[in-house]
Amino acid sequence: MIYLEPGFEETNKQSPTEQDALSARVESEARLFEPGQALPDESGSLKPRPALDQETEQPDDALRKSEKRFRDMIDALPVAIYTTDAQGRLTHFNSAAVEFSGRTPKLGTDEWCVSWKLYHPDGTPMPHDECPMAVALKEGRIVRGVEAIAERPDGTRLWFTPYPTPLRDADGRIVGGINMLMDITERKRDEDVKAKLAAIVESSDDAIVSKNLNGIITSWNRGAERIFGYTAQEAIGQPVTMLMPPDRVNEEPSILMRIRRGEKIDHYETIRRRKDGTLLDVSLTVSPLIDTHGRVIGASKIARDITERIRAEETLREAQLRLQRWNVELEQAVSVKTVELLHSQDRLRALTTELNLTEQRERARLATELHDHLQQMLVLAKLKLGQGKRRSEEMVPAVVTLMQETDEVLSDALKYTRTLVTELSPSVLRDHGLPAGLKWLGEYMQKHDVTVTVTAPDEALMLPEDQGVLLFQSVRELLINSSKHAGTGAAAVAMEHRDGMLRIEVRDEGAGFDLAAVAVAVAAAAGETSGGGVSSKFGLFSIRERMRALGGSFEIQSAPGKGTTAVLSLPSAASIERRDNMSAPPSPLVSRISHANDALRETFHGHRIRVLLVDDHVMIRQGLRAVLDNYPDIEVVGEATNGEEAVRLVDQLRPLVVVMDINMPTMNGIEATARIKSRFHKTVVIGLSVNAEADNRDAMTRVGAVTLLTKEAAMETLYDAIRRVIPKKVRQPQSIDA
């Protein structure tokens, strides 16, 4: 029975020193069985091993038992062991050698090694007759400190350390050899992993430092040298507190306490000090170091220099503050310019209307002059000439002929002046209204070789002068464009008046055009009128602006090859006839005031709607007040520059409507609205903002505002918004509980 000492079963996991000791023991056991060596007898005492004649003599029982004992010992070991004769032929191997090589070697045939293939550590092939066992037998020496790679038939490879030892007889002749193959694959993998980890640590730009539980530095990489300025020789063995400014030293005890509990500290931002005394912003990650028994023995710390990031964040914060200031300034500038632009647009549209009417007045004046003076003079001349012709028998024939020719010239001149008077200012429009004027226009367009079908009411429709003239001119311009570009020689005009809205449609089935291309052409050719196409498109733009000036609209639909349809829409008061057809046109502001007076008459007991304006921009408040002051049913009772002041003024002034900006200092409009609605739930709040996107709109309506208007549109839509949300019977809030 072979007994193994404790630890042999873990041979493959032993250290190189333990492996060498095991190899020495196997060698000593093997030498006991070399020829000529002393062997134990039956009583256990040693006696010389007899020399054997290989042909005639047989080993005795003691020798057989000793050899069996040796082989049993080899077979019982978990490490690969094999023996060879002096020529390197395998004579014995254990089961561990079979597992190691992945094959069953052939005794007496395989030479030098049990492995299938061998390689040097650099991966180049190693011939079997150059393997460590071959070297040991050929050179008669023990080979140590060699590493090699064995490949199994299935392709897997193992790192191993061989321990080849020659076996000699009593005369010192080599009679064979024994070799032990220690599998070091796991150790090599561990070494490779450790080497890679060490390289990563050493090459890292971050400081990677380890310390024990007393806070003493035990390792220090190049990143730590670069960041903190200390070399490894200067840092290792020193307390880690040398890196902390005095006001941060108290951090270390709490860090060590958490590490002892096995906790990890992630991305802890703090300040550390370099060797030269400068301070750094760092982000620390500290992890506990645990030994094989699960005990915390220290800590590994990664320190990343975030000074530049902190500076960048500070720079970004400063930039954001500047941007916010610029946004406020821009908003103020935009608000001012918006008010100016709105006023300019109103003035421009009013001026456009005034110029248009001035043109029509001048046309009417010229037509009147032609009719009242020139035509009368021409008629008188014909009368005088007629008197002369009656006395023609007293005249010479040549004079008679001259008088006849003069009469023809006067007739042509009279006919021309009549046509000119009609073209300058059609009397049918002044005398019989727009429907009759459009029918006359359809007949007139036959001169331009265009057949126009006109569908219009039979009854007279007397419109205000500015409306009638604008609609007549616009239809005439659209028909002229059709005659120039449609290519069909036909068009249709349809007019209808329903529910206080006048609608005129001009349609042709001609060539059509690309609306998008027209917009580009207008923008690119602004100021150029050389091309008829571009000029006509400017005319369309002019029609739209003139319609807007009177509160109407102009829509056009067209596509290449699909004709063109233009629609003029205008609110009208058909029952009103002007006594003076040439009176001054109502401006947009006057129209609004007229609507306001109508609304005022609808309110009970003459109550005016009390309005509080809330905006931190004085120009916006002034612009809003200027608009609302034009309406007699509106009373602006106060102004507030922020939400806090607004809440206080609502309590004092009790307005019915609060026009509330969102972005304001001290208290924004959302919070102010919430406070106002919680105390005065009958008070109506209309929100106001440059940005009226869904998030702002939802935020305001959530706290009780009825709507949110853009500041750009508020100048024109605020009054209508107030009238929509205020009932006809105006009720003032009476108390906090009202």
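Every residue, even glycine, has its Cβ placed from backbone N, Cα and C.
The region 'Disordered' annotation in TrEMBL covers 1-64.
Sequence annotations record features per position, and here TrEMBL assigns domain 'PAS' to 66-140 (among others).
Residue counts of the domain 'PAC' (144-196) by helix, strand and coil are 12 helix, 24 strand, 17 coil (DSSP-based). Residues annotated as domain 'PAC' in TrEMBL: 144-196 (among others).
According to TrEMBL, the feature domain 'PAS' maps to 193-263 (among others).
Under the heading domain 'PAC', TrEMBL lists 266-318 (among others). Taken together, the residues of the domain 'PAC' (266-318) have an average pLDDT of 90.
Taken from TrEMBL, the feature coiled coil applies to 309-336. Sequence-distant contacts of the coiled coil (309-336) (same chain, at least 6 residues past either end, Cβ-Cβ under 8 Å): 281, 617, 619-620, 623, 663, 690, 711.
What TrEMBL lists as domain 'Histidine kinase' is 365-574.
Annotation comment: TrEMBL describes 610-726 as domain 'Response regulatory'.
Residues annotated as 4-aspartylphosphate in TrEMBL: Asp661. According to DSSP, Asp661 (4-aspartylphosphate) sits within a strand segment. A simple way to gauge crowding: the CB of Asp661 (4-aspartylphosphate) has 25 other CB atoms within 10 angstroms, across all the protein chains here.
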